[in-house]
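Undergrad: Structure below; questions to follow.
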Amino acid sequence: MRPSNRTPAQSRPVTITRQFTAHAEGSVLVEFGDTKVLCTASFEEGVPRFLKGQGQGWVTAEYGMLPRSTHSRMNREAARGKQSGRTQEIQRLIGRSLRAAVDMKLLGENTIVIDCDVIQADGGTRTAAITGACVALVDALNWARGKGILKTNPLKFLIAAVSVGIYKGEPICDLEYIEDSAAETDMNVVMTETGKMIEIQGTAEGEPFTHEELLSLLDLAKHGIREIVDIQKASLS
């Protein structure tokens, strides 16, 4: 039995609130249960130096956690003077995932900067961030089209993400912190709205997992992401 009494395939309640802040071209508060992440998308003219003159755009991401998003306060990374390896890994994952969803040629020489700030953490912050950031990205692209900056929508498809893992010997979907911290296997899966894979990050924290367990985890992720995409679409309708 899971601590929350959810079934193995049951995700936490997911809520997406658009236009959460006033200034960003796209802004979303995404909630996976008690995990809450603010995602903003800023549309900027120009591209990084390595892309100048190539007629294509760029999507990049930054990720951070507020000092009291966790049970005990942690120092801001800015105060420590450097980002942790975890932070760098997560923001690269978010950026890679979102770039897969955008036609960079249609974006033109423009950049979209995604900022994901964890307000409250209870497991699955990176998957919640990807899910919310995708909706913020859609709003930023629609803003640019409304301003006449873009003539064609560069979005190829929606993407979403969910965590899966093996907890007490059983594959489960959307781990909260108490499950994540004790899981034998922990995996993060990013998919398109049609169920194609973008990224799979999986680690045996305890016992190695079998091929059959891997397939079970991917099936759980596909089911969970399908439900999350439906919530994304409802929020955008």
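A Cβ is built for glycine as well, from the same backbone N, Cα and C atoms used for every other residue.
According to Swiss-Prot, the phosphate binding site annotation covers R86, G124, T125, R126.
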Undergrad: Of all the binding-site residues given, R86, R126, which residue's CB has the most CB neighbours within 10 A?
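TA: Checking each of R86, R126, the winner is R126.
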Undergrad: For G124 (phosphate binding site), what is the tally of other C-beta atoms lying within 10 angstroms of its C-beta?
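TA: G124 (phosphate binding site) is surrounded by 25 other Cβ atoms within 10 Å.
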Undergrad: Let me know the DSSP-derived helix, strand or coil state of R126 (phosphate binding site), please.
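TA: The residue in question, R126 (phosphate binding site), is helix (DSSP, three-state).
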Undergrad: Other residues near the phosphate site, CB within 8 A of the CB centroid of R86, G124, T125, R126?
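TA: Everything else in range on the chain: Y63, I90, V118, A121, G123, T127, A128, A129, N188.
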Undergrad: Sort out the sequence-distant neighbours of T125 (phosphate binding site) for me: same chain, 6+ apart, CB within less than 8 Å of its CB, listed by position.
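TA: The list for T125 (phosphate binding site) reads T35, V37, M65, I90, V118, given in order along the sequence.
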